[in-house]
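According to Swiss-Prot:
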type	residues	note
BINDING	Cys24, Cys27, Cys40, Cys43	Zn(2+) binding site
Amino acid sequence: MAKKSMIAKQKRTPKFKVQEYTRCERCGRPHSVIRKFKLCRICFRELAYKGQIPGVKKASW
């Protein structure tokens, strides 16, 4: 889990546009965030296995 101070800092509008970055909406993780779902890879995997993300299923070939 991310610190509350870092989550609050990220929500503020930055002075420059390039300072914006993605953060997982569920746990606050700043790295490996899937933009389409706004989730980090770990949270995405957990929710996908539970079937809570519509249209996502485990690949098999």
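Just so it is clear, glycine is given a Cβ too, placed from its N, Cα and C backbone atoms.
Keep in mind that what you see is a predicted model, and the values were worked out from it rather than measured.
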Row Cys43 (Zn(2+) binding site), column other C-beta within 10 angstroms, all chains, value 20
Conformational class of Cys43 (Zn(2+) binding site) under the three-state DSSP mapping: helix
Can you give me the residues near the recorded Zn(2+) site, meaning same chain, not Cys24, Cys27, Cys40, Cys43 themselves, Cβ no more than 8 Å from the center of the site's Cβ atoms? Glu25, Arg26, Gly28, Arg29, Val33, Leu39, Arg41, Ile42, Phe44
